[in-house]
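This report concerns only the one structure given below.
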Amino acid sequence: MVTATVEAGRRHRSSFIARKTTRQAVLIWCFLAPSLLIFLLYRILPLAWNVILSFQAWSPLRPAVWIGFDNYDEMLTDEVFWQSLWNTLYIIGSAPIGIAIALALALLVNADIRGRDVYRTAIFLSYPLMTVAVAIIWRWMFDERVGLINYVARSLHLVDSPIQFLNSFTWALPSVIAANIWQMLGFYMIILLTGLQNIPGNLYEAAEIDGANAFRRFLRITLPLLKPSIFLCFVIGMLNSVTSFDLVYVMTGGGPGRATEILVTYIYKLGFVQTRFDYAAAVTVVFFIMLITIAWAANRFSGGNAGAVERD
Amino acid sequence: MDRRTVIKGGLAMAGVLAAPAYLRAQSNKKISMLTWNIADQEAYFKELFADFTKDNPGVEIEWLDKKGPELPAFYQTQLVAGTAPDIIDLQGMIWVEWAANGALLDMSPMLEKEPAVAKLYNPDYLSGFVYDKKQFAIPFYVAKTLLYYNKTMFKEAGLSGPPKSFDEIINFSQAMAKGEKTGFLTLNFDWLYWPLMRMNGVELLKPDMRTPAFNTPETAAVLDKLAKATASGGINKIAWTGRWVEPNGAFASGNVGMLQAHSASYFFVKGQGPWVNPDTLGATQAPGNWSTPTNHAFVISKSSKNPEVAWALIKHMTGNKWATKFALSRRILTGNVEADNTVLAKMKTEDPLAHAVLQTQIEHTDKMTGNWPLPNDAQVKDAFWPEIQNAVLGRKDSKTALADAERAVTRVMRRS
């Protein structure tokens, strides 16, 4: 009798817990639903439609026809695609240069110098600027007639005639990269500065007592402890580089020739200039796979838990 | 009140409420119009629409304006959504692709029904909007390339007058190149550089309009000359890399001898160049009188629910009265013969230099080039131009660049 009562009580309790869990789950789903719906509507569905489109011949002016892998086949022999891919990889590859400069600046403004807050603000200012504004500023900086860089170079007799930075096959891509690095510098610096300030001072004191010089302290303490901040800068820098459409579009439009064409500008031109949305979709799919691969590789390098929420 | 009475009353009420909307729908005709980067013309269009609706009561006009690069993208989204504007102002040759894909209304039957309307326009400009023997657009405002030259620089270089041949363009350019100064610039978008090719007998495509015709020793020779002149500073590199502001700005600085550009450039150059006056700036035809047009024209969407109203509005806008007003207020030509003659007569006394520039736009209109009715014009342009840049900027030798361009253009044509 007692056993039966205990059993009934246990059943009642477990069904109560189950009901409570279900209620909680429903509540959680209710709270999540609007965000998930928006995510589904504006991210997943367009992405799925984009994948389908990449297997079709379609434009707003023509009905869709299934063509299988034709768009992907075309990509293999499309020189512009490969050139854009290379240029994109070059820009991605420039992220470490920016991080290295930002690290040097962060070390400087972390030192006990007068007016360091002013320097920090001045360096950070480039980041909140609109990319289009940055592109316009740098376009004029590089201008051969009224540009500051040519003016300084000629005043110092470094060059005889102005360098046509954005009109030159040699200089155009490095010029765009320089502008991109400049814009991201403030962001990198703030992240690295935060990382530097989180390194306990007693580590440096102990190392100094042990006779480690400044370079060794930097190599053995600063760099290893800054690894998460550097990693964060690297991932964000890479993603920013591959999507720097507005910078390239305003500064050079992808030219001269295809010298600064990157995948995003090429995708835009295919879709909205050439009305080739189908082929643009195929290039987008490849671009998406490339981004996913980069993010996955970066996550692996960071130990496999990038973005994980730490629990107390 | 029983249930039946309530239902009857409800239905009656719904009928009363719905009737005005139905009647409104019957009496009102709403049309939309999309223009290309002329948002500053709001007052003009307001007045024009008021004048139109006075004679066409019950017509509602919705006016939209988009900046150049935004317009095609906007149109494409509207087309997919099934809400394409009834009337669209299009620039360059973009209309051909839309016409070839059945998005635009053939206006030939309307023009045949009203032969007097066709006579309003310059026949060469009007025929520039024919594809597959059908008239798809009516000129709104027109321009074609001409050769501007800096008389002061010509004098300094001992040159007596503008060049009469391609070789003279090259030689004159070299003669004026000195230090900061360069001899020649051209606009390059929308095939505006093509007169340089055409004056040398270069053709883009064979008469079948599918096979490349440009990969010839003659074209290679032209590219070699252009590359050589560019490398030596005779031709300013901006000619091959700039779009609008850069080449016009460079010429306005007074350090460039010649500029091949359309009439709109005059107002830009005049605004930026304090040196510009009839004694210092010359305007003439390019050698051989070749020019490339870059016109604006009105088209009607095939999906328009009120094509007859759209046609009436286009006639209204491009007719003598409103075309003249537009031409006078903007100091441009419209393709409407009477309007253009009026503005030219006014300019002759008010601004002789502007008159000289605009006069070139109605001369030799039979020698317009670079305006092929290609449904894949944007793709051909995009395949061809980077290789030409490679050649003239010395990145590839001209033969390799032409072979690569031929391969790229052939691929576009095959795909189409």
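For all residues, glycine too, the Cβ spot is worked out from N, Cα and C.
Heads up, TrEMBL stuff is auto-annotated, nobody curated it.
Feature list (source: TrEMBL):
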TRANSMEM  A:26-45  transmembrane segment
TRANSMEM  A:89-109  transmembrane segment
TRANSMEM  A:121-141  transmembrane segment
TRANSMEM  A:171-193  transmembrane segment
TRANSMEM  A:225-245  transmembrane segment
TRANSMEM  A:279-298  transmembrane segment
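For the transmembrane segment (A:121-141), the residues of the chain that approach it from at least six positions outside its boundaries are 105, 109, 147-149, 166, 175, 178-179, 182-187, 189-190, 244, 246-247, 249-251, judged by C-beta separation under 8 angstroms.
Beyond the ends of the transmembrane segment (A:171-193), by six or more residues, the same chain brings 87, 90-91, 94-95, 97-99, 101-103, 105-106, 109-110, 120, 123-129, 131, 134-135, 138, 142, 163-165, 226, 229-230, 232-233, 236-237, 240-241, 244, 247-248, 251-252, 255-256, 259-260 to within a C-beta distance below 8 angstroms of the stretch. Sequence-distant contacts of the transmembrane segment (A:225-245) (same chain, at least 6 residues past either end, Cβ-Cβ under 8 Å): 88, 91-92, 94-96, 98-99, 102-103, 131, 180, 184, 187-188, 191-192, 194-196, 198-199, 203, 262-265, 268, 287, 290-291, 294-295, 298, 301-302, 306.
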